[in-house]
Structure formats: C-alpha cells, structure tokens
Amino acid sequence: MWGWIWLGISWGFRHCSFRRLAVAMLAKTLAARRSFSSVKKIAVANPIVDLDGDEMTRVIWDQIKAKFVHPNLDLKIEYFDLGLPHRDQTNDQVTIDAAHAIKEFNVGIKCATITPDEERVKEFKLKQMWKSPNGTIRNILNGTVFREPIVISNVPRLVPGWKKPIVVGRHAFGDQYKCTDFVAPGPGKFNMTFTPADGSKPQSWEVYDYQGAGVGLAMYNTDESIYAFAHSCLAFALTKKQDLYLSTKNTILKKYDGRFKDIFEEVYQSEYKSKYDAAGISYTHRLIDDMVAQALKSDGGFVWACKNYDGDVQSDIVAQGYGSLGLMTSVLLAPDGKTVEAEAAHGTVTRHWREYQKGKATSTNPIASMYAWTRGLAHRGKLDGNQELIQFTHDWEAAVIETVEAGHMTKDLAICVHGTSNVTPDQYLTTEPFMDEVVKVLNAKRNH
C-alpha cells in the first residue's frame, strides 16, 4: 500500500490530478490508522458463533462487523453461512451444525434469514422448501425466546404509558406450531387416542361428532419442555430483577394450560421464591385476557411469559406499542442458563435489498442487528468474567440511543418521530452514514 502511494506521488509530480488523489488517499489512510490505533482492542478469551443471513440484513451484518466488531475486539469467530443458497447447497446441514456450535461455545449471534415459501423456492431454484432456520435452532437448543423493546426517548410510543421495557418470553416449542390439523369433509367422529409405551390400556376421547364438514386440530407439549420454559423465565426475570407474569387460559384449558400453571408454581416455590424475595420481585400467574388489559394499563418494566402462540402475537403488539418493529431485540436462552442465541426480531428487508441490487443507497434500520451483537457479546463477557467486554457492549448500546436522540436516524424512525411518511432526505440518514454517526459516539466513549 505504502509503496503504491509513494510511486503514485513520485509519478504525480508530472500529473497533478493524480498527485492530489494520492495525497488525499495518504491523508485518509493516516487518519484512519490514528482513529483505530487510539483505541486498544479488547481481548476476548472464547469464541462466538456468527450465523450469517440473507439480503439487506446480510449487507448490514458485514458492515457492523467491519465498523464495530473487528476494530474494537480481538475475537475469534466461528462462522456459519446461513444464507439461503448455502443452506440449499448443504441440504440445510449448515443450520444444524451452527446450532450445535452454539451449544458448544454458548454464544450465537444470528443475522436475519429467509424462510422460503413457494415463491422463494422458484426464485432461488431450491431443492425443496427448507424449514425456518430459527425453528431448527430453537428445537436443538430447546430454549425460550425473550423479546425486549429498545426504548428511545424521542421515538413516540403508541402506548404512551409504557415508560419501561416489557420483555416477552415466548415458549418456542409445541402447541399450534407442531400440531396436526385437518379438514373433515363431512359428517363423522373425531377421536383422540393415547397409547402408553408400557403396553397398558390405551385411553380414547371423543373430541367431536361432526354433523357436516368442518375442521379439527390436535396439539401437544411436554413436561420436559414446560419445566425448561419455567426455569428459563424465572432465571431471566431474576437476572433482570423484574417481576414475572405467566399468562394462560387455564379456566378453559384446565388440563393443558393448567399444566403450565402448575409446573411454573412448583418450580417457583421449590427453587426461586427465596431468591425472588431477596431481590424484591414477584412471580404471578394471570389469565391471558386479564394480563393483556393489565399490560396496557402498566408503565412496563416486567417479564411476560407466554405460551407459543400468545408469545408470537404479543411480542409484535409490544414491539409496535413501543414505536417500531425495528426496535426489538430477540434472545434465545437455553434451559442450561448459559447458552444464548441473539438475533434481530425482524426479517431480511427484501424491499430495500431490491433497491440495493440496483445500486441505490437505502435507509435501512440496523439497530436491531447491532443489538444482536451487543446482547450476544455481553453474554460472552458474562460467561468469561470479561468486564471490559461488557462495558463495551453498554457503550455501544448507549451510542446507538444517543445518536438517535441527537436527531440522526434512519427513515423508518424519522417517520415515527415526525408523524408523517412524507419525510425529506434532510430528516434522515441512509444506513452506512447512520452507522458512521454511531461509530463516532462510540469512539468518543472509548477514548474518554
């Protein structure tokens, strides 16, 4: 590099325009070196697992690593390409391998990925319609997904009373998502049978006697998974030092939802009550309809444990209530309490990707993707006892919030702040300049 610039400068005595270009490049290189050399890299003892993704979020993912991770951290990364073309090439084995790597190293940081539908199968000429990578990883880790809004003071909330974050813990196993459903073509009986593995007498129930066409569904869950869900939620709320609420409809589903209620109460009383009392927090079970009303009336600041479907719905409602689906973190916590996968709680931003492919700059919000890195790295720091790494993640998150509160933001947030979709280019930044503003604030904190 240096030889090339010197050769250019020598030759440029006779070529003024080239000389000016070379001198400018030299100045830029020196400035960049001074910028990075002034901040010592933080040594990270153990690796993290990096799960790359698709489309616009893949572009942002690469920029985040280039601007925030590599300049600041001496970190070993176990890399897995979960982009849809590579998943297809490996028959989705890469997703399984990535999940097992997370189990080995305890920290995974995941970019948003495409879950293919019929249109995507045609677009990418896929061998088959591969399953959701998130679903595959959740089933292997058997974890609970905790989604938490990122609260920024100048981003208006649709629920103005929510001053503190509400964390939704979603039980990511079974129920409707692993059910068997069918269409009954006409009159007939829908029966349900349980056949014990020990050879004892089967039990049967008549679910419904159809007098005409209709639909039916059978679903399940397991004690093992519900116990793991209870431990994850109770431990997470204790770590956050926030009250925990479990919502079910046990008045209607007396056996099914009643089992969730009973297991949570058992685990709480036997292993967590004394710890909760010492921390000054509480655990409460509520009916789902009562809980929804209570959540809307509250000022936030609690953890809400939801069954699978409820968590799917309520996490999006909570995210939008705080102002934007682009301001939501997502952390999968395994039952062992030490294995975590952090990701952005949104998709691959296909519409922006189409514009990017045309060579156009986009104003895509990278905040949730940045928080995937901060939450994953913070957990790495916690496991390793690396306070310097933990402080770096706190500084990074603070830099993001301060940047937005200073008026530098992407278009989606500008629309929220100004209350109109007709925002002008002077009211927002495109993606990379926004990240550069965050870098400036972060570097100022690290150089302080």
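Every residue gets a Cβ built from N, Cα and C, even glycine.
Because TrEMBL annotations are produced automatically, they should be read as predictions rather than curated entries.
In TrEMBL this protein carries:
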SIGNAL    1-18  signal peptide
DOMAIN    47-438  domain 'Isopropylmalate dehydrogenase-like'
BINDING   Thr113, Ile114, Thr115, Arg120, Lys297, Gly347, Thr348, Val349, Thr350, Arg351, His352, Asn365  NADP(+) binding site
BINDING   Thr115, Ser132, Pro133, Asn134, Gly135, Thr136, Ile137, Arg138, Arg147, Arg170  D-threo-isocitrate binding site
SITE      Tyr177  site 'Critical for catalysis'
SITE      Lys249  site 'Critical for catalysis'
BINDING   Asp289, Asp312  Mn(2+) binding site
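Around Asp312 (Mn(2+) binding site), the C-beta neighbours below 8 angstroms that are at least 6 residues distant in the chain are Arg170.
Non-local contacts of His352 (NADP(+) binding site) by the CB criterion (under 8 A, 6+ apart in sequence, same chain) comprise Met56, Thr362, Thr364.
A coil conformation is recorded for Thr115 (NADP(+) binding site) in the three-state DSSP classification, outside any helix or strand. If you count neighbouring Cβ atoms within 10 Å for each of the binding-site residues Pro133, Gly135, the highest count belongs to Pro133. Cα of Tyr177 (site 'Critical for catalysis') to Cα of Thr115 (NADP(+) binding site): a span of 15 Å. Note: the Cα of Pro133 (D-threo-isocitrate binding site) and the Cα of Thr115 (NADP(+) binding site) are spaced 7 Å from each other. The binding-site residues recorded for this entry are Thr113, Thr115, Gly135, Ile137, Arg147, and the Cα of Arg147 lies nearest to that of Lys249 (site 'Critical for catalysis'). Taking Cα separation as the measure, Asp289 (Mn(2+) binding site) is nearest to Gly135 of the binding-site residues Thr115, Gly135, Thr348.
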